[in-house]
Number of protein chains: 4
Amino acid sequence: MRPMTDLEPVTEVRDMEESSVDAATNLKEQAERDEKEAGENRIEKRPRAHTLSSYTGSSSDEDEVNPRDKNQRNSKGSTDFCVKNIDNAAFGRREIEIAEQEMPGLIALRRRAENDKPLSGAKIIGCTHITAQTAVLVETLAALGASVRWAACNIYSTQNEVAAALAEAGFSIYAWKGETEEDFWWCIDKCINSEGWQPNMILDDGGDATHLMLKRYPAMFNMIKGIVEESVTGVHRLYQLSKSGKLTVPAMNVNDSVTKTKFDNLYSCRESILDALKRTTDVMFGGKQVIICGYGEVGKGCASALKGLGCNVLVAEIDPICALQACMDGFRVTRLEEVVKNIDILITCTGNKNVVTRNHMDKMKTGCIVCNMGHSNTEIDVGSLRTPDLTWEKVRSQVDHIIWPDGKRIILLAEGRLVNLSCSSVPSFVVSITSATQALALIELYNAPQGRYKQDVYLLPKKMDEYVASLHLPTFDAHLTELTDEQAKYLGLNKTGPFKPNYYRY
Amino acid sequence: MRPMTDLEPVTEVRDMEESSVDAATNLKEQAERDEKEAGENRIEKRPRAHTLSSYTGSSSDEDEVNPRDKNQRNSKGSTDFCVKNIDNAAFGRREIEIAEQEMPGLIALRRRAENDKPLSGAKIIGCTHITAQTAVLVETLAALGASVRWAACNIYSTQNEVAAALAEAGFSIYAWKGETEEDFWWCIDKCINSEGWQPNMILDDGGDATHLMLKRYPAMFNMIKGIVEESVTGVHRLYQLSKSGKLTVPAMNVNDSVTKTKFDNLYSCRESILDALKRTTDVMFGGKQVIICGYGEVGKGCASALKGLGCNVLVAEIDPICALQACMDGFRVTRLEEVVKNIDILITCTGNKNVVTRNHMDKMKTGCIVCNMGHSNTEIDVGSLRTPDLTWEKVRSQVDHIIWPDGKRIILLAEGRLVNLSCSSVPSFVVSITSATQALALIELYNAPQGRYKQDVYLLPKKMDEYVASLHLPTFDAHLTELTDEQAKYLGLNKTGPFKPNYYRY
Amino acid sequence: MRPMTDLEPVTEVRDMEESSVDAATNLKEQAERDEKEAGENRIEKRPRAHTLSSYTGSSSDEDEVNPRDKNQRNSKGSTDFCVKNIDNAAFGRREIEIAEQEMPGLIALRRRAENDKPLSGAKIIGCTHITAQTAVLVETLAALGASVRWAACNIYSTQNEVAAALAEAGFSIYAWKGETEEDFWWCIDKCINSEGWQPNMILDDGGDATHLMLKRYPAMFNMIKGIVEESVTGVHRLYQLSKSGKLTVPAMNVNDSVTKTKFDNLYSCRESILDALKRTTDVMFGGKQVIICGYGEVGKGCASALKGLGCNVLVAEIDPICALQACMDGFRVTRLEEVVKNIDILITCTGNKNVVTRNHMDKMKTGCIVCNMGHSNTEIDVGSLRTPDLTWEKVRSQVDHIIWPDGKRIILLAEGRLVNLSCSSVPSFVVSITSATQALALIELYNAPQGRYKQDVYLLPKKMDEYVASLHLPTFDAHLTELTDEQAKYLGLNKTGPFKPNYYRY
Amino acid sequence: MRPMTDLEPVTEVRDMEESSVDAATNLKEQAERDEKEAGENRIEKRPRAHTLSSYTGSSSDEDEVNPRDKNQRNSKGSTDFCVKNIDNAAFGRREIEIAEQEMPGLIALRRRAENDKPLSGAKIIGCTHITAQTAVLVETLAALGASVRWAACNIYSTQNEVAAALAEAGFSIYAWKGETEEDFWWCIDKCINSEGWQPNMILDDGGDATHLMLKRYPAMFNMIKGIVEESVTGVHRLYQLSKSGKLTVPAMNVNDSVTKTKFDNLYSCRESILDALKRTTDVMFGGKQVIICGYGEVGKGCASALKGLGCNVLVAEIDPICALQACMDGFRVTRLEEVVKNIDILITCTGNKNVVTRNHMDKMKTGCIVCNMGHSNTEIDVGSLRTPDLTWEKVRSQVDHIIWPDGKRIILLAEGRLVNLSCSSVPSFVVSITSATQALALIELYNAPQGRYKQDVYLLPKKMDEYVASLHLPTFDAHLTELTDEQAKYLGLNKTGPFKPNYYRY
């Protein structure tokens, strides 16, 4: 559910060789902190849709006893979980029910496959953000026959009531908002190391469950039938494992599925850029001079949306192919330094670092809005703004004015972190697509005949991508055309797909 | 600054004949209450731009002493004002300074005309919403030579700190948030009836200052050089006065200026519909089936924006010309009842009543979002939803789920009131255009040679409209072309305009 | 059917005072020649739709006997007509039948009103271009009860076969392609001055029939019930007559009807600019730098279409209101001289003269395309290109390369005349709207109660405009919503319209 | 330069095993005839840009002597060519000069590489359409050091004057318009089998030169350094050769380069659908109901263009991923049979056969326009319309009315062949991209170190694609941003590219 970046720097990936699990609490790299901060912001702006109980969030003011020190029991007597407060299960259940209404694709998958139980016998370790949407995924996996144990992939992002609702429903959940680093690894360990329950699959978001199992339980790891990984970072860690010959089980990279890259990046960012800018600055788009750095999927989405609302959009690019696309789409391609004096809004979506430097910002006119849609917090050189001559003034949540000695104000959003994560919401529909992709990947790896997948990292078979898409068509009352036998033969295709060669670009 | 409706029903205009000022507190019509409610909502979502001090609003929790019972004095010793708390002036000043940055057109007017002082000798009664943007107008009028006294046109909409800042700056402001009806008229009266200060102009928003002066101080009223009125309601009241022969002074209808109707309605609503829907429901636009009832300026703006973001937009219309425009713009024109079962989002912008009935809503599918961009709170028959068989569940501020016995949920925004006023912000840029128009109208009426304006209601001369537009072009670094002498002669135009015949449609 | 210009210079209107009918052949002004030339071009590119008989046009190679010298008789024995060749009637009839299919609004009017015969007793002099579309109008007027006599308003634009078909059907048509000026006035005179047939209405396009009758048959003129005039030029002549007190009968200006200005200008030009540029130059739009001079309806249509196809569009404007609209629509507003070096395509739509000068063209880069969508042939100073240092090379019909001494080539379309008339076709749908408006205007003037119309120039009542629009909605399967009684009362409207105040801008 | 289809049926590929070159004249399959017909149409509508000499085309009326029977000699005395008429060289040269102006990317390549002469020593057999654009490619290859001999890949598509100009310039050209099948193979053979000239590369369009050399001169074939193939058909033949182990040299598939698929299909078709529909039918787009069958690149381009001009666009799809894209782009996805009664325009872009059947066409309403943008002539079942009950009426070149017994007319364009090839032009800019890609592929294969390419079919390396794109950026005055050293290191990229992973979708 994280907006993907066009390019992911190798340097950001945590080096698996040097960090041991036990030393993990000492890993105080900026990259990691950023992720946690992003998680923190995600609390307020987490994926959700038409509703949000006003109650959520207040629970953080509850008692400050560490859940590990509590004795909790769900209504059926189980104690195999650790959440903030099992008593809040009802509130969480309501959130889950609302999320179900907004994730038609995932629910459709549940209905279609719950008789087959394609995950019967699967024992899945889950390690992801824990939100109402995740709960719909968890309960879908269970409906398909799986047994699961679940921890959080982020110390701040757990919705406590949702975790309680899952625990009450009998799932072994180990997660709460505000874990310490030690809690974090304790929770994952509790999921993995459970008596009489030998996991055979991992659903990971960031690679921490994979990492821990590989380090602490290598024998168990070798028995795994497959890993499904969603994040850019986790995928990089898998490729590095693979390169160094340490990946002894097949893994599925769902981060680069077409249903993720084209939909999550293009269509989702097209909307979230508008939302994020409006919620933070109330800026009027009409007539504004905007520069978009980076014309990948995210940049294309942003440019199209802002052009549609009357902005005059310029594009900066390093890649001549993307630059030529920008030209053909009607945008002037220029270097940032050529126009930086005149722009009203600057948006980065490159995946690169220091795309916007202090030197650029020194030349901007007063009132210029600067934000990042691309990657982590590296694109804007925010550090260069923390100098004595500049004054920071927080004017709203996620909005800072940086004031130059002459009174010029630059408006910086989310301190240069991802503005769509920090300042807008992620539609449940997009989460539904990603979750369905994860479920399909688990089914595929679990049921694949011996030998189909080796000890490597795979992309989801195209047919699965197509199936995920088909699950989401009824939402739009879309009616697919079916090939006749004659047509299928003419095209050399199976009537049920896959319909395109692997290199097809969509 | 109120989004205009395409059509304004005669029946809504308060009957001037039957209501006396003293009986005003008894005027408990729904229409009036709605306006006040809208005002209340406007507090949170008032016109503003890049910033909003987090401090604002908390002041409402202050002491509950009626300002009329307080003894306040500004730093220069003046007591000729009545605001919530003069001590908050500094906060308000900061808001005003920020607003100044975002109202370049009005500031440009101030600079261009402050040497001429075209309002020298003007004594203006102002009765409008009191916000930071209004303060920029007030101080602009003063810079142009006017002396002003100002009251609020709405009992809820005053920004207390801004009122304090104006009072501290020496303006006679009588306004606070949370006035009673009695307070309301008292404040206006205090502005009008000031010893040694005989007003000669009125700047009104809704017609209340005009009404009171006409009723209580008819002799003073007859000395007025002109009235400038901004609102639909106020303009109607003026036309009624004119019809009945009671309008003894010239009045300027700035509500129907092209700079207001085309910009405030089309361009502003194009953005606010997106903003309002996102902030309240986080809905994903892509692929959604939307029906827009009414294809006037507001409907055109909404349709264009939503189409641009991937909605499938349908239009319902009563007027065949607007319907044909919708066709040519690519929208299917249909009756609501033909498609109501399939739509995801319904937006009214007709100016009519009961456009959406209980019967329609009974047929909607679960999750359908219903909101009003048009007029008052009449378009959706909300009353029909207040029946025992339906359950209302407030899921967020301004968002209600109406739940049918079978579990179907309709998502109603702002209880059917104007969703752009209630759930999104109004860009300062649009306020700047409107304020500049008001200032120009005052200048025109005040300086017009004897006989140019009779006892009637006028539209602003086109040349003034053009001037307002020209004040706002530098914001976009737009460079106008100038006619050569030869070209002006060929076109039969003055080189400085006006450039179009009065019937030109833009 | 002529794309309207935003502004019509007074100077271009032929002075009625100085020109007598008998001196008409001496009227050798450029303006008139231009119109004739435009007519000539219109032959090839005349309004038509899905079909064009390959046969058309070859008839111009026929015998060169002047039709006035021929003895022709239709199959019923009538000789009251003068056309090129009555034997070609069958070909013309087929063209008319095809046109009927493509003018649903006009045919619908025919069907709805042919029982009422609202033109029963009307005796109409028609003087317009004579094309298949005109024939559908002529036969519609007859079906509604009128008796008509018809001449051409242009010496080149008559479709001979269509004229023959009308003559064969019994209509008194006096028109052929290639009339001399003397023929021209003879034809009109033959229509007006017919024994036993006293005209009581005029349908004019350019004002020539009106002019001739007023000059030669003033008594007859005074008996006229009304004049309907479609062209910019004709409307100007009427206003001048009115100003000078010589207009003794009511006249209807259908040129400024909303159904004409908004549809013919905005929607039609949106398409014809693309068509004209492609047909003449095969230019690829994607990525092209385009400047549009003039952001009226025509300019708005061109800008929207080209932006949609990936052009980078700039706008030049003299009017600050239109300039501000351009800004809000996302176009940079600039002066031509600031960008002329970089542009790939220049389009004029101002109604002005010498918008593009030799000085501008000296600075253009090689390959720049220059064309006029606005008005007559004045916008581009083509005369300044006819100097010895420049070489003209005709590379296609309507396409000239102007070659500078250094080899630079400017591509000039239609020698600066209206490129949409010269190089693209006019959709029948738009002609249908205009023709229906003309028919309605005739019905209104003919049936209006005594005193409704004085000796002045009127716009068509809004209700008629609405009726014309409603005739064209079934083409799009558009379903209008009807007001309930309650709603109509609330809005203070009649349920059948008119639905908007006169100043409504659409 | 042929718009690519999304899918290419295996069945259409000519079976190399069964057809011998000598039997080639007996290959009378429909598919081949269609191609020739398309070639014939291409004469009138061939790639060209701002100009077209009016002279072109008339040359087909010249003497009918077979060029093989003529003795021709160029001005330098060479006789090693066979063209229609060497005397027309000057006309052809002028066309080439104009084309040069419009192919900036290819000319830039020529300038940048002509000192290096990267093709020095290359001996290239070319077999492509011979047009002015091709001539620019031929002379570019020569400027880069290559020696070439060239034949036509199509018996109808040669521009005779251009061939003459090339022959006059000293190139061994064997091609004329209107070759017989025997001529066709004779020409290719004359290019291959030239004394003292041993070819070492092939540039093919359709695979015929490859085929002939492989069959007749297998030893020579084995010495080839590489084949560059542009067409869908030729690429299939190469993949089949490769599969059956008969491809003994490396081949480059330039048909699936991103610069071809994204630009030629998406951007070019976006424009050509409008052009083709306007030129043939003059249809007004506004308000039209359009169905697009197939939402690949071509379908996306068509849908976007038509939506932008006010059409109401529906999409039919078999692939759920593309269908979901259509939904998110705002199009309703439906089956053709559900809506066929209501549509005004139907466009096929599937690559499939019988997408539109007689059954569909029986249900269409009168006036429906049917055309094919996809593939060959299979998509519309035109054969089913050739029944005695239906009447065909040719109303214009490339436009037939099919008339049902009840008078209903369907408007069929180009008899179901590719409407963009038959009825619109191909912009030189797109040809320039494709030609530059071909030239780069030749350079790469010719200069690749031993072992880089095996006996297989390759895609052009991404860096070459990027170089082609960069050659075309100056046309748009686009300024690329360059990575700093630090950024390149951060991204793990070379500063000069390639910038994206191979699976990147653009």
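The first residue you see is number 1, and the count goes up from there.
A Cβ is built for glycine as well, from the same backbone N, Cα and C atoms used for every other residue.
Given the structure is predicted, the values throughout are model-derived calculations rather than measurements.
If you look up TrEMBL, you'll see C:T131, C:D205, C:E230, C:K260, C:D264 marked as substrate binding site. Within 10 Å of the Cβ of C:D205 (substrate binding site) there are 24 other Cβ atoms, across all protein chains.
According to its DSSP assignment, C:G299 (NAD(+) binding site) is helical. Positions annotated as NAD(+) binding site by TrEMBL: C:G296, C:E297, C:V298, C:G299, C:K300, C:G301, C:E317, C:N420.
According to TrEMBL, the compositional bias 'Basic and acidic residues' annotation covers C:29-46.
For the domain 'S-adenosyl-L-homocysteine hydrolase NAD binding' (C:265-426), the model's pLDDT averages out at 96. Per TrEMBL, domain 'S-adenosyl-L-homocysteine hydrolase NAD binding' is recorded for C:265-426.
Per TrEMBL, region 'Disordered' is recorded for C:1-79.
When the alpha carbons of C:E230 (substrate binding site) and C:E297 (NAD(+) binding site) are compared, the span between them is 18 angstrom. Following the DSSP three-state reduction, the secondary structure of C:N420 (NAD(+) binding site) is helix.
Among the binding-site residues C:T131, C:K260, C:V298, C:K300, none has a Cβ sitting under 8 Å from a Cβ of chain B. For the binding-site residues C:T131, C:D205, C:K260, C:D264, a Cα to Cα distance of within 10 angstroms from C:V298 (NAD(+) binding site) holds for C:D264. With a 10 A radius on its CB, C:K300 (NAD(+) binding site) counts 24 other CB atoms from all the protein chains. Here the binding-site residues are C:T131, C:G299, C:K300, and none sits under 8 angstroms from chain D, going by CB atoms. For the recorded site, C:E317 (NAD(+) binding site), the DSSP three-state label reads coil. Ranked by Cα separation from C:D264 (substrate binding site), the binding-site residues C:G296, C:E297, C:K300 are led by C:E297. Between the C-alpha atoms of C:N420 (NAD(+) binding site) and C:D205 (substrate binding site), the distance comes to 19 Å. Cβ-based crowding with a 10 Å cutoff singles out C:G299 as the top-ranked of the binding-site residues C:G296, C:G299, C:G301. Ranked by Cα separation from C:E297 (NAD(+) binding site), the binding-site residues C:T131, C:D205, C:K260 are led by C:K260. Ranked by Cα separation from C:K300 (NAD(+) binding site), the binding-site residues C:T131, C:D205, C:K260 are led by C:K260. For C:G299 (NAD(+) binding site), the nearest of the binding-site residues by C-alpha distance turns out to be C:K260; the candidates were C:T131, C:D205, C:K260.
Summarising the environment of C:E230 (substrate binding site), the number of other Cβ atoms within 10 Å of its Cβ, over all protein chains shown, is 28. Largest Cα-Cα distance over the residues recorded as binding NAD(+), namely C:G296, C:E297, C:V298, C:G299, C:K300, C:G301, C:E317, C:N420, equals 21 Å.
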